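The active site, proton acceptor feature in TrEMBL is assigned to D12. The active site, proton donor annotation in TrEMBL covers D131.
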Amino acid sequence: MPNTLELLPAVDVRDGQAVRLVHGVSGSETSYGSPLQAALAWQAAGAQWLHLVDLDAAFGTGDNRALVAEITRAMDIKVELSGGIRDDASLAAALATGCTRVNLGTAALETPEWAAKAIAEHGDKIAIGLDVRGTTLKGRGWTSEGGDLYETLARLDSEGCARYVVTDIGKDGTLTGPNLELLKNVCAATDRPVVASGGVSCLDDLRALSELVPLGVEGAIVGKALYAKAFTLEEALKVVSA
Ligand SMILES: O=C(O)c1ccccc1N[C@@H]1O[C@H](COP(=O)(O)O)[C@@H](O)[C@H]1O
C-alpha cells in the first residue's frame, strides 16, 4: 500500500462537455468545455491518474462512450472509468479502452451476482463505487436507493472486491470538505483500500485525507476545487507528496 495519497483529478462528461454537478443532481451542471482538453491539462500538470465519468451513462440519458474511449486512449496516465458499466457489453467496452480500472456502482446494487462475477474475473481492474447519503447507497445517477453501506461492504469484501471508491453525495460538488468520519468508518469496516470522493475544497482537506492513508485511504478524487481554481493540481501534488 502506498504511503502517500494518490490524487485522481476528475473529468465528468455530460453531453460531450466536461461538467461538475452539485450533489450529483442532474441539471445542476456547470460546464468546463472540452473533456479531452481538461484531461490533457491534468496529465500535463503531473497527474498519475484520471477519474473519468460518463454521466449520461450513469443517469441513463444516453452515453459518451466513444468520447470517453477516445480520451482514455489519449492518456499516458492511469484511467479509472465509471458511469453506466452494468453488463457484459459495457464492461467489455470499458476494459477495451485500455483503462487501468473501472468503477461499478449501480450494478453492485441491482445485479450483485453479475458484479461478483466481474470481480472474480477481473480482480483489481474492478473497483466498486459506494455512493452514499448517510449510510444509504444510491444508484442510477444517485436517484435510486440500494441498501445499507456496511451490509453491502461486507458482502463485497466476501466476494473479493479489491477496492472501494466512496462518495458522500451530500458533499459532492459543494466545496465543503470531505466526510472524514465516513471515510474512517469505512476503513474500519474493510481492509481494502478506499478512494475518497466528494467535498475536497482546499489544500488542508488534502492534508487531512493524507492523515487517513495509514487507515486505508489510498487516494482522493478532486473535481470542483480544481475547476474553480481553489488550488492548482501542481500545488495539490506537492502537498500530498510532502
Ligand atoms: O460523479 C458524479 O458526479 C456522479 C453523479 C451522479 C451519478 C454518478 C456519478 N458518478 C459516478 O458514476 C458511477 C456510477 O455509475 P453506475 O451507477 O455504475 O452507472 C460511480 O463511480 C459514481 O461515483
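Positions of Cβ are set from backbone N, Cα and C atoms, glycine also.
Just tell me what is around each of these and how deep it sits.
D12 (active site, proton acceptor) carries a strand DSSP state (E or B).
Less than 8 angstroms from the CB of D131 (active site, proton donor) sit G24, G105, L137, K138, G139, W142, T167, I169, each of them six or more residues away in the same chain. Secondary structure at D131 (active site, proton donor), taken from DSSP and collapsed to helix, strand or coil, is strand.
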What number of additional C-beta atoms lies within 10 angstroms of the C-beta atom of D12 (active site, proton acceptor)?
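For D12 (active site, proton acceptor), the count of other Cβ atoms within 10 Å is 26.
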